[in-house]
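According to TrEMBL:
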SITE      Arg36  site 'Important for substrate specificity'
ACT_SITE  Asp96  active site, proton acceptor
SITE      Thr97  site 'Important for substrate specificity'
SITE      Gln179  site 'Important for substrate specificity'
Amino acid sequence: MKRKVSATPRCVPGAHPNRHGDVLMPSLYLASGSPRRRELLTQIRVSFTVLNAQIDETPFDHETPAAYVERLALGKAQAGLSVLAAEQQACVMGADTAVVLDGRILGKPADEADALAMLTALSGREHEVMTAVALSDRHRSETRIVTSRVRFRPIQPHEAQAYWASGEPADKAGGYAIQGLAAIFVEGLQGSYSGVVGLPLCETAELLGHFGIPCWQCLEGDES
């Protein structure tokens with residue numbers, strides 16, 4: 001299947017101009033349609049523009065989950081960069097998240113039966129959530145992969161049915177959203193909560209700093 005790329009830049013409401021003091025910063029684009037990633041970037045006061053860059057997300061044969069999420073995150077960033085030829089200062093962020101159980105990637109459920117099967121498989125067990133984040137500009141790319149471990153309590157069949165009926169699992173990797181109704185299933189978490197949601201903020205802030213893009217602490221320091 002050919003990679004599909006579409007781009008619709010859209011400024012985030014309330015975003016700040018891409019200037020830090022007297023220094024003009026790179027323009028950051030988020031190559032993701034995920035509202036959760038937009039919320040997380042906004043949480044740390046990063047100025048960005050949404051860029052809808054879609055690629056083929058079919059896993060390669062024998063591809064490990066870590067290699068898969070890194071490839072997709074980097075592919076989204078580079079796909080977004082390719083449609084911004086006129087903007088030399090552009091920096092594009094891509095990210096991808098996978099829920100992994102017994103070495104198998106659990107994607108977005110195809111239908112109710114698929115979602116219920118995923119919840120049954122995750123019930124009472126620990127699984128991994130891998131999120132990769134990539135930044136690309138005209139000269140280089142950098143990636144980070146963050147793996148967290150999430151343990152679910154046993155999920156009763158009627159709970160799984162009710163959760164599907166809520167509509168929340170339909171577009172979520174692994175068929176659940178930890179920041180939503182599925183929070184009541186979570187017994188424990190080791191790693192990055194924001195990474196499980198969709199964007200590991202500690203590692204993302206580090207990457208942004210490498211590309212000269214500040215987060216809230218630099219902006220607050222300028223205002224004091």
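Cβ from N, Cα, C; glycine included.
Remember, TrEMBL labels are computer predictions, not curated facts.
Among the recorded positions Arg36, Asp96, Thr97, the residue whose Cα lies closest in space to that of Gln179 (site 'Important for substrate specificity') is Arg36. Shown in sequence order, Glu57, Tyr68, Val69, Glu70, Leu72, Ala73, Lys76, Thr131, Ala132 are the residues of the chain, 6+ apart in sequence, with a C-beta less than 8 angstroms from the C-beta of Asp96 (active site, proton acceptor).
Ranking the recorded sites Thr97, Gln179 by how many Cβ atoms sit within 10 Å of each one's Cβ puts Thr97 at the top.
Rounded to a whole value, the Cα-Cα separation of Thr97 (site 'Important for substrate specificity') and Arg36 (site 'Important for substrate specificity') is 12 Å. The local packing around Arg36 (site 'Important for substrate specificity'), expressed as other Cβ atoms within 10 Å of its Cβ over all shown chains, amounts to 17.
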